[in-house]
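Asker: From TrEMBL, here are the annotated features:
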- 21-49: transmembrane segment (TRANSMEM)
- 61-81: transmembrane segment (TRANSMEM)
- 88-111: transmembrane segment (TRANSMEM)
- 131-151: transmembrane segment (TRANSMEM)
- 172-195: transmembrane segment (TRANSMEM)
- 201-222: transmembrane segment (TRANSMEM)
- 357-377: transmembrane segment (TRANSMEM)
- 397-416: transmembrane segment (TRANSMEM)
- 437-456: transmembrane segment (TRANSMEM)
- 476-496: transmembrane segment (TRANSMEM)
- 517-535: transmembrane segment (TRANSMEM)
C-alpha cells in the first residue's frame, strides 16, 4: 500500500500525471457508461415490441445488429486513438456521441409524437406502423448510442492501464475494470429494466441519459491528473503496408542473403523465416527503398517494411484459424441471447405473488454466473489444477472447456424449449394467448452454462492473444475479442434471417414455431466447430518461449 501511496504523490519514471489518483475518475466513467449502455440495450427488444409495434423476430434481429455494432466500434475507437487523437480525446468524443444517442432514445419514450399508437392487445386490434420520422429518430438514437458505447469500451481500458508503470498495478486496474463493468451491467439489466417495465419508459431512459452525462463529467474532471499519451500510429497500418509491399514486389526473386532484407533492429542480420515466404518480399531491399542521406531509414514505406513487421503479420496469419473458430463459438451465444428474451416473454416470470421478472432482465443470470465463476476459477479451480498437475492450464485448454460448455448450453436450450412448446400445445390450446404456464426459471440452466463457458473461453482468448501476439500488436489483443463478438452478432442476424426464409421454425409468434430446432441446429454447429477447434489447436505451436509457465500461473481473470 505504501507503494501505491508513493505513486499517487510522486508518479514513477518522472511522470507528471497518472497513478492511482486517476482511478476514481476512470472507474466512475466505466460505471456510468456501462450503466447507461445496459439500461437501454438490455430492454431494447421489449421496447421495440411494446412501444414501436415491431414483431418479435424483427426486434431480436435489430438487437443483434445493435450488439454487433457496439462490439465492432471498439476497433474503430482504438485505431483513432492510436493513430490520430489519443485515448482522452476519443473517450470524450464517443461519450458525447453516446449521450446524444441516449437523449434521442429518451425522447422517443417521452414524446407521444415520436411513437406510433400502441396496440391494445385485443384480438383483431390494428397495430399502426411507425412513421419514417419516428423510425428516423429511434434508429438515429440507437446508432449514436451504440457507436458511443463501443468507441469508449476498450479505449477506457487502455487509458486506465497507461496511467501505471508497474505491471502489478495494471493488473489490479484490469480486475477493477471488469468488476465495474459487471456491476454496471447487473444494475442496468435489473434496476433500470424494472423501472422501464413497471414504472415508465421515459423515466428509465432518462436515468440512462443522467448516467451517461455523469460519466462524461466525472471523466472530464480528472483531466488534469491524467497521463496523456501521444498517438503512436496504428499497428493495423503496418499490416496493410506489409501486404501492399509484398504484392508490389511479387515478381522479385527472394534472396538467401540476410543483408538483402531490411532489418534495422538486428545486431547480426538474419533473413525472415521460410513460413509464408511470399510475404518476405515486403522486406526485400530494392533500389530507391532506402534513404540516401546515410540514416538508413525507409524512403518508400509502401514498398519496404522491416523483417520484424513481416514476422508480426506472419504471427497473425498463424493464429487466424484459432481466432476464426471463436466466431462460431460466439455466434450461438449471440443468437441465444436474443431468442431467450422472446422465450421469457412467453413464460411465467413471477417470483411469488407480487414480484415479476422483466423479460429483458433474464440475461443478468448469464452475467452473474460468469462473474461468480471468474472468481472461482481464479481462486480455486486453477490452484487445484496446478496442485494436481504441477502446471497451469494453457489458454487453449481454457478455450476448449468453453467450447464444451457452450455446446451443452445449446442442447439444454433445445430441451427446455421443447418442454415449453409441449406445455403450450397441451395446456394453452388458444394460440392467441401469449404465454405458457412454464416458469421462466427453467431458463436459468442454459444461461448459467453460457455464463460459465464465457468465464473459461473469453479470458482464455485474451490470454492467448496477449501471449502470442507480437509486442507491437499486443494492444490490439482485446480488440480481437471485440471483433469476434461483433462478427458473431451480425452472423447470428444472418443465420436467423436464413432460417426464417427456408423454414417455418421462427414465426412472429414463437408458440407456433419450432425454436427448439434452432437450438438443436446451433448444437450441431457447436459440435462441428469444436472439432475444427481441436484440429487447429493440435496443429498450433506456441511462438513464445514462456508459453505455459509463470504467465499463466499468475494470470488473474477479470
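From the backbone N, Cα and C atoms, a Cβ is placed for every residue, glycine too.
A TrEMBL annotation is a machine prediction, not a hand-curated record.
Burial and contacts for the listed features, if you can.
Answerer: Proximity of distant same-chain residues to the transmembrane segment (61-81), defined by a Cβ-Cβ separation under 8 Å and at least 6 residues beyond the stretch ends, is recorded for 37, 41, 44-45, 48, 54, 87, 89-90, 94, 142-143, 146-147, 149-155, 158, 231, 234, 236, 334-335, 337-338, 341, 475-476, 478-479, 482-483, 485-490, 492-493, 496-497.
Non-local neighbours of the transmembrane segment (88-111) in the same chain are 29, 33, 36-37, 40, 47, 51, 73, 77, 80-81, 134, 137-138, 140-152, 155-156, 159, 200-202, 204-206, 208-209, 212-213, 215-216, 219-220, 223, 226, 228; each lies 6+ residues outside the stretch with a CB under 8 Å from one of its CB atoms.
Remote same-chain residues near the transmembrane segment (131-151) are listed as 33, 36-37, 40-41, 44, 52, 62, 66, 69-74, 76-77, 80, 90-91, 93-105, 107-108, 114-116, 482 (criterion: CB distance under 8 Å, separation of at least six residues from the stretch ends).
For the transmembrane segment (357-377), the residues of the chain that approach it from at least six positions outside its boundaries are 42-46, 178, 182, 185-186, 189-190, 193-194, 196-198, 337, 340-341, 344-345, 349-351, 440, 443-444, 447-452, 454-456, 459, 557-558, judged by C-beta separation under 8 angstroms.
Listed as Cβ neighbours of the transmembrane segment (397-416) (distance under 8 Å, sequence separation of 6 or more from its ends, same chain) are residues 326, 329, 332-333, 336, 340, 442-443, 445-447, 449-450, 452-454, 456-461, 463-464, 516-517, 519-520, 522-523, 526-527, 529-530, 533-534, 537.
A Cβ distance under 8 Å defines the sequence-distant neighbours of the transmembrane segment (517-535), meaning residues of its chain 6+ beyond its ends; these are 322, 325, 328-329, 331-332, 335-336, 339, 399-400, 403-404, 406-407, 410-411, 413-414, 417, 496, 499, 503, 505-506.
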Asker: Is the transmembrane segment (437-456) close to the transmembrane segment (21-49), in the sense of at least 3 CB pairs under 8 angstroms with a sequence gap of 6 or more?
Answerer: no
Asker: Where else in the chain does the transmembrane segment (476-496) make close Cβ contacts, counting only residues six or more beyond its ends and a cut-off under 8 Å?
Answerer: 57, 60-61, 64-65, 67-72, 74-75, 78, 150, 153-154, 157, 235-236, 323, 326-327, 329-335, 338, 458, 461-462, 465-466, 469, 506, 518
